[in-house]
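Engineer: TrEMBL lists these features:
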type	residues	note
BINDING	B:59, B:60, B:61, B:62, B:63, B:64, B:65, B:66	ATP binding site
């Protein structure tokens, strides 16, 4: 490892070098800080260039998108460029489930990684608390019968940042008339809370508050929509979120500044860090490296059509991360066959990369390919990818970010700098907001997923009609689709063809400002595996956390 | 108001003046910090004197125990004495319910009060997360059928820091075989979590871990107890609590240092701040002012028999807080009659004060009375109390802590200094641990509550037998009794006589290290009132929280 945590610079120095004034810094220990939003207006340089890192379709072999993002930002620093990261905070639930930590890896890792993976600065906890206070206020109104809300129509559930399948569907309010109104409900993981999406899309505290007020929580018995603002507690929700809305500053192992803030799900939500964190990175760096959840078909599309639209952002370049291992899985190999050299499997798997490169073209941004290098990759296999990229006139680079950090990403950084030399073309969404939801979905399905068409089931169609009637017709679409395939069938790797995308259900996320189109069973509350990571994590006698990353 | 928050000194300066080295300080912003436990060994002075602040039986008129504690510590500073506070962190749930803030008031308040009342440094959230990870691990074992735990015997519920009556009793695990095992369960507020009690009674990270392992979570079908340690995730719980176990340092409006840490319920738990926070205050100050929940009958007894026993603490003096208003209610007046001068009602109400003074004698510590002054108090009314105290040779003082801060408590501080001049007598618990649970309860009930005797219902008696059989017979008792009366009937003010204390149920808090004797319906999850404080709290355009305290 290049550095140990003990060698990190004080976060106050990292902030100072960025040009953030001391009075705008709220240190949380010596290694993390919150940045006051007033800092945004003090930046003394033109906004930096935004670089979006996305990936090919994920496989169990892993792509290391976050690790590449961190490595790239470090590589830019090695070239003498002023870079900063804008990344999501990991969700604590999955940390104790299957995933372990989620702060990059090896020499391209965020620090203090253990803290970022757990409590960090309390933002997820604040979102959980705000979410559940709204839920308690709703049931309190039902209990005192002073709301016209129909108990059977309540859409707002409760939230916890834990992997706990037993909470997915519950009956609450039992035990007699003193304990509320019995009704069916459930818990989502905090990352799936609409308040998480709201916090990440809000561009100011006032916007946060307005979005909280707009959350659709249910209907009256006459079918009139009831908004969160009517419960009278959104001021308290804003109070709970008063510090959570401030972006957090940490650094990578090599001292590259990183704004780590927010972490919405990438299926039922938009899957990227907060707009405010991205703005911080743009305000104080020349190159702001950010990331969008899952592969480009989901994360990239949402980044452009939801986040850039809401935040007035305009990326200068797209990086698509691939690994030889994952391409081989897309080429048909099994997980246990990946260490055997097999350039032809890589060749077959290129169709998945090709699909994402084709999709990226629609946003009109320069795109490069980063191969996240693993020890077992052979020169022949790597050359298959580079040769393909050359044939498409797409720059590509093999990056050894895990092993060598920024030094392993200098070449990648160079092609990114090259790609972003020209001023960016204007921001181009995939569809105009005036289109119908059905048209929007068809556009996304055909262009991003390669579907032949879209089948909107009757229940979903009725909900689209209802949404339109209620005035939500011009909201953009948030696709909830499996991340494991370009199609809506998680078993189909590579580049599936000849399929129809089926939309089964629709949700109105009026506070976040999008309609969610559900194309399958989307888990909003993960479960723990039989032997969860929680059984391997511990604290040693020096109070150091072990087994986490 | 004497100070505004803007005039507060940086917390780093407060810590430096206490003698806490910079490397042991983890600032959370400029106004709060966590203190590394290593600091305890660096104190260069003999440990300070511990002053326990308790109160008469609470009434809706309020006593302001926390406000007096803060005022007293400030008053000691005005006399040139080196004082520090050790206090509980308020629970966020009640802040949005009936209570509003809980950080003292007026010129005797902790700052930053809004932050302390909400997220603070995340300790309650960490406890919530640890509690619910253990719950998820238990249901995960049931789901995978690799535990011999009987699903119907699971004692461990879930926890949230919110007032939400609808979560008291729930059915979880619904929705089919993928969603766990359906069973009845519920949520307690985080302050009622056994992990809260554990964090507050642990005297080191190793002790914390050992206590987590010992939590009794349920039984096998054969009736064997199953401990949390058997679930394999207590290392992860300790990791989640790794920073939460560090005491927090803030200050009062007048700059008096305050270690604010932990906040267990005062009925089903022991109701005082952490042992580690008390140790910090003792290590770095000559006078450590601390507080115990509710009145002396509950809070004082538990402070001595649970906290002092677990932490090797030995108070030098006891302060009993009373108000003229509350004494008048104990004297039979209604809440709306309190502003009319009525010395004879005060006189009648003295019997409640007398009961607590009599109880305090059993611990062999000098005791003084503090009258927390309100504007409507008349000299005649105040003199009734002082005259009574003189007749008992108990020093007393009227303190105007809300209006005048430390200046209003200088006389109180003087009598406290006087009372603590002699070295403290050795620590004296109310009962030896070898006694049976029944003997312990009888002793507490007769001496502290004035009961004629104890009636242990058959179900409770059976549980005591079971606890003894399982090896928990020598644990001390934690009485869960209404705080509104010396008796177990919340309607009886003053000094009830001729009653029998009824023990209805028993719980084994093996991790916290006590048996809970339940004498009535104890609410572990409060509800919101019809018009909760949450409807009055807001954030203004300058991002300042309003309506909170």
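Start at 1 and count along the chain as shown; that gives each residue its number.
Cβ coordinates are placed from backbone N, Cα and C, and glycine is handled just like the others.
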Engineer: Counting Cβ neighbours within 10 Å across all chains shown, tell me which of the binding-site residues B:59, B:60 comes out on top.
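Structural biologist: Compared across B:59, B:60, the most Cβ atoms within 10 Å surround B:59.
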Engineer: Taking the Cβ of residue B:62 (ATP binding site) as the reference point, list residues of the same chain whose Cβ is under 8 angstroms away and which are at least six residues distant in sequence.
Structural biologist: B:323, B:325, B:326
Engineer: Using DSSP and collapsing to three states, where does residue B:63 (ATP binding site) fall: helix, strand or coil?
Structural biologist: coil
Engineer: Within 10 Å of the Cβ of residue B:65 (ATP binding site), how many other Cβ atoms are there?
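Structural biologist: Around residue B:65 (ATP binding site), other Cβ atoms within 10 Å: 27.
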Engineer: How many other Cβ atoms are found within 10 Å of the Cβ atom of residue B:63 (ATP binding site), counting all protein chains shown?
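Structural biologist: By my count, 25.
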Engineer: Return the residues near residue B:66 (ATP binding site), defined as same-chain residues 6+ apart in sequence whose C-beta is under 8 angstroms from its C-beta, sorted by sequence, else 'none'.
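Structural biologist: Non-local contacts for residue B:66 (ATP binding site): B:87, B:102, B:103, B:104, B:291.
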Engineer: Give the sequence-ordered list of residues that share a chain with residue B:61 (ATP binding site), lie 6 or more positions from it, and have CB atoms under 8 Å from its CB.
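Structural biologist: Listed in sequence order: B:323, B:325, B:326, B:328, B:329, B:335, B:338.
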